Amino acid sequence: MHEPTWFRVLRVVGLVLLTLFVVVPLYVMATSAMKPLGEVTDTFEWVPGNLTLQPFLDMWSTIDLAAYFLNSAIVSVGAAVVSVLLAILAAYAISRYEFRGRNAFRITVLSTQMFPGILFLLPLYLLYATLGQATGIVLYGSKLGLIITYLTFSLPFAIWMLVGYFDTIPRDLDEAALIDGAHPLTALWKVVLPAARPGIAAVFIYAFMTAWGETLFASIMTDSDSRTLAVGLREYSTQTSVAWNEVMAASLTVSIPVVIGFLLLQRYLAQGLTAGAVK
Amino acid sequence: MTTTAAPPAPGAPRTAPRRRKWTPSRSKLPYLLVLPALIFELLVHLIPMLGGLYMSVLRLTQFFLRDWLNAPFAGLDNFAFALDLDSAVGSALLKSFAVTAAFTVVTVGASWALGVFAAVLLNKSFRGRAVLRALFLVPYALPIYTTAMVWKFMLDQGDGLVNTTLGAMGVTDGETFWLLGNNAFLSIVITQVWRLWPFAFLVLMAGLQSIPADVYESATVDGAGIWQQFKSITLPMLRPVNQVLVLVLFLWTFNDFNVPYLLFDQSVPNSANLLSIHIYNNSFITWNFGLGSAMSTLLLVFLLLVTAGYLAFTSRRMKDA
């Protein structure tokens, strides 16, 4: 396709501006993480005077970053694993079976995305507290409670994306296994899942990101033992000062795992997200 | 969300035979398969939501929280209170609603526009395209609390990047309070756009790739320019993608809590007082959970109406097109 000159100019100018918009905050995060405290709290300088890796060492002792990191990791991996497992089962049923209530189920699950979190935050807190008193299973303030909460946040999209993936896998494959006498779950495990591996990985990283970044419920539903990064990182700010270089070093450190995971799998994530809309 | 979207069956009609029932002996299986997902959704979303609706008709203050089921019945008092525009509570809610609506329109519009712009610019392959594509997605992948931190740092009044740079360029005096007063609105907008537009870009990019190249080729032969092609091919072909995308962006932004909460700590300026923050403060700061629940219920009803209307309208337009 021939492109007129104005479009080429627009492309270059547009891409340069967008790149600046995206890169400047990332650059600020990276350079501020390597500045001494005196320099980082002084007037902003584009080019750091002194570079140091000290904030990356100090950040672990200023607050209990390791504990928050571990809590976030346990909660996010737990939520993502369970979310993916539940989504695989549900998506298989929706993709391969015609059953009464199938559409009602889809609508119910997807419409939960619309609820304002603020509407069920307090009732959920009360429900967890009540369940805890009744059964002895501590849900409020515990990592288990957070895992259960967060897995439901990613579950609707996870199911939606996996149905899209499963639908693209020819049914002849699993039907052949069924004709050979395999149980449907065996067909799911042996035939459908291997073919849907990229989709499952994408759903996993999506579920992980959702839990890793969640802030509202973490602010109410965690205590000092279960505090996650979303709440814990605020402790770098005290009444009088903010250790900005350590904040940025910690931000960088906790972002890198999700950013890498996301970039590796974004292609599949995009496919899954649009699967429902593009026909 | 996306409840009435087309069934997610990309390519299914081509590759798979029509759906058919399995043998009756297996008929319990699909229910067993969806049951675990259903249980968790019921536990975390539906039951608490019904609880929230019930709370909205209770006089639920901190005195009754321990024994909330026995809190006195308030009828529609909480709703009347929240909607009484002559009272301080009602006018504050209306103001928060207006701020949220403006925030949503500006943010969703800008995110979508940037997303479609970048997707079109990157649709043709050239050297470095993959790098730019990955780079543009980074803000979406960052945890929101790190994004908010870095913007808060850059918008700092005394020594932040924004004031230092604008001051040096002579655009402003370099002493603007970005996180106070009416400027706070701009701060939440730019932070939210920065992290949201890559999502629009990601989805629109995938949408663009589903448009066959020969459509553009024949348009070029017919002498259509780039702008005409964008208007008469790209935008109409993106409609199904846009329908879902804009709805998702709308719901996320209208319900957003994180950006103001993380940028301003406890003292959110009025111009950035989004509904979720407003309701949170009315519930957890003043401990009037009945009133907070009534406000949340009103928010939910509003979102339901907008979503239903939006889907009806856009679906009709797609059928007409």
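Cβ atoms are placed via backbone N, Cα and C, with glycine included.
These features come from TrEMBL:
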type: DOMAIN; residues: A:69-265; note: domain 'ABC transmembrane type-1'
type: TRANSMEM; residues: A:12-30; note: transmembrane segment
type: TRANSMEM; residues: A:65-92; note: transmembrane segment
type: TRANSMEM; residues: A:104-127; note: transmembrane segment
type: TRANSMEM; residues: A:147-166; note: transmembrane segment
type: TRANSMEM; residues: A:200-222; note: transmembrane segment
type: TRANSMEM; residues: A:242-265; note: transmembrane segment
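Long-range contacts of the transmembrane segment (A:65-92) within the same chain, counting only residues at least 6 positions beyond its ends with a Cβ under 8 Å from a Cβ of the stretch, are 59, 105, 109, 143, 146-148, 150-155, 158-159, 161-163, 165-166, 184, 188, 192-193, 200, 203-205, 207-208, 210-212, 222, 226-233, 250, 254.
Stretch with the most C-beta contacts under 8 angstroms to the transmembrane segment (A:147-166), considering only A:12-30, A:104-127, A:200-222, A:242-265: A:200-222.
Distant neighbours of the transmembrane segment (A:104-127): 90, 94, 140, 149, 152, 155-157, 159-160, 216-217, 220-221; these residues of the same chain sit at least 6 beyond its ends, with a Cβ under 8 Å from one of its Cβ atoms.
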